[in-house]
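Novice: This is the structure I have questions about; it appears just below.
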Amino acid sequence: MAAAVVRGRPAGWWRWHRRVMVCSRTMASKTPVGFIGLGNMGNPMAKNLVKHGYPVIAYDVFPEACKEFQDLGAQVTESPADVAERADRIITMLPSSPNVREVYTGANGILKKVKKGSLLIDSSTIDPAVSKELAKAVEKMGAVFMDAPVSGGVGAARAGNLTFMVGGVEQEFNAAKELLTCMGSNVIYCGEVGTGQAAKICNNMLLAISMIGTAETMNLGIRLGLDPKLLAKILNMSSGRCWSSDTYNPVPGVMEGVPSANNYQGGFGTTLMAKDLGLAQISATNSMTPVPLGSQAHQIYRMMCAKGYALKDFSAVFQFLREEETL
């Protein structure tokens, strides 16, 4: 009996074709990845891609940030457009909405030379409305845009333990996840473009509120005669426990390996926290959502920026409160 056929092809053809497709994707998985933005977060994230065997094509507005990657064998380009010309998977990690807009749509931006079918992943924390705007512009060029902001800070970026909150076309999620799992231990699909940013700004609003609450609590306990290490121990076995108290305590001397143990250097800057809280306020206003504690936290971090704390870690709110009490 003649072999069965599928639309003119012999039996077994589809199994063979699938094996070829999988093999092609596996080989393509180690094709170059563009990375734009090699700052405090982008630097260790890009390094983790290199560690996982991905050739990285790098760009940063500050050329000195790229030198380290040249030494690691990465290609360094002169503009985001050059990155788009050489790579069809690009990750961006930038400080703010204007920076992201410029990198994507500027005179030498990604969209000037992006290839059809490219996957563009933005891990910056920006206004969800800007992510949606960029997704439309990218789609017109025949490419795919996903927002994938992160949580975990510089330490998690170095360790490859970031959490990614991803928004975009669900069918493209696995392609994004392949890269993001090289840099994070949790990669969560949130929904359409912009929902990753929404999850991130909600998280950071809660983080700011809890850090201020932890700082106030620790300061009050110390003034009432409690040893700070003892108070932290009690809080962390009680109902007041939170990430700010048990993992990132803001009081110098309570924990090692956190910014409070290093004069609040490193970590997540006060300026960036103020920016994220501003994004939360904009979203709250647009959605008519009451966020009184988020609004108060925003004002506190703005005051800190104005009083010399801009470059310190956001946990320096403890020091800020200690200084305020003397006024």
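For all residues, glycine too, the Cβ spot is worked out from N, Cα and C.
Keep in mind that what you see is a predicted model, and the values were worked out from it rather than measured.
Sharing the feature lines straight out of TrEMBL:
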BINDING   31-59, 94-95, Asn99, Thr125, Lys275  NAD(+) binding site
DOMAIN    33-191  domain '6-phosphogluconate dehydrogenase NADP-binding'
DOMAIN    194-320  domain '3-hydroxyisobutyrate dehydrogenase-like NAD-binding'
ACT_SITE  Lys200  active site
Novice: Could you check the binding-site residues Ile36, Val56 and say which one's CB has the fewest neighbouring CB atoms inside 10 Å?
Specialist: Val56
Novice: Quick check on the binding-site residues: of Met41, Ala46, whose CB has the lowest count of neighbouring CB atoms inside 10 Å?
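Specialist: Comparing Cβ neighbours within 10 Å for the binding-site residues Met41, Ala46, Met41 has the fewest.
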Novice: Which of Lys51, Lys200 (the recorded positions) has the most other Cβ atoms within 10 Å?
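Specialist: Selected residue: Lys200.
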Novice: I'd like the number of other C-beta atoms within 10 A of the C-beta of Pro95 (NAD(+) binding site), please.
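Specialist: Its Cβ has 19 other Cβ atoms within 10 Å.
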Novice: Can you grab the distance from Ala46 (NAD(+) binding site) over to Lys200 (active site)? Cα atoms, rounded to a whole Å.
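Specialist: Spelling it out, the Cα of Ala46 (NAD(+) binding site) and the Cα of Lys200 (active site) are 21 Å apart.
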Novice: Please list, in sequence order, the residues in the chain of Thr31 (NAD(+) binding site) that are at least six apart in sequence and whose C-beta is under 8 Å away from its C-beta.
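Specialist: Correct list: Pro55, Ala87, Asp88, Arg89.
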Novice: Return only the integer: C-alpha distance in Å from Lys51 (NAD(+) binding site) to the residue listed as 'active site'.
Specialist: 26
Novice: Across the domain '3-hydroxyisobutyrate dehydrogenase-like NAD-binding' (194-320), what is the average pLDDT of the model, as a whole number?
Specialist: 97
Novice: Determine, to the nearest whole angstrom, how far the Cα atom of Val56 (NAD(+) binding site) is from the Cα atom of the residue listed as 'active site'.
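Specialist: On Cα coordinates alone, these residues lie 26 Å apart.
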Novice: With helix taken as DSSP H, G or I, strand as E or B and everything else coil, how many residues of the domain '3-hydroxyisobutyrate dehydrogenase-like NAD-binding' (194-320) land in each class?
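Specialist: Result for the domain '3-hydroxyisobutyrate dehydrogenase-like NAD-binding' (194-320), in helix, strand, coil order: 87 helix, 2 strand, 38 coil.
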Novice: Please report the Cα separation of Ile36 (NAD(+) binding site) and Lys200 (active site) in Å, rounded to an integer.
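Specialist: Lys200 (active site) has its Cα 20 Å from the Cα of Ile36 (NAD(+) binding site).
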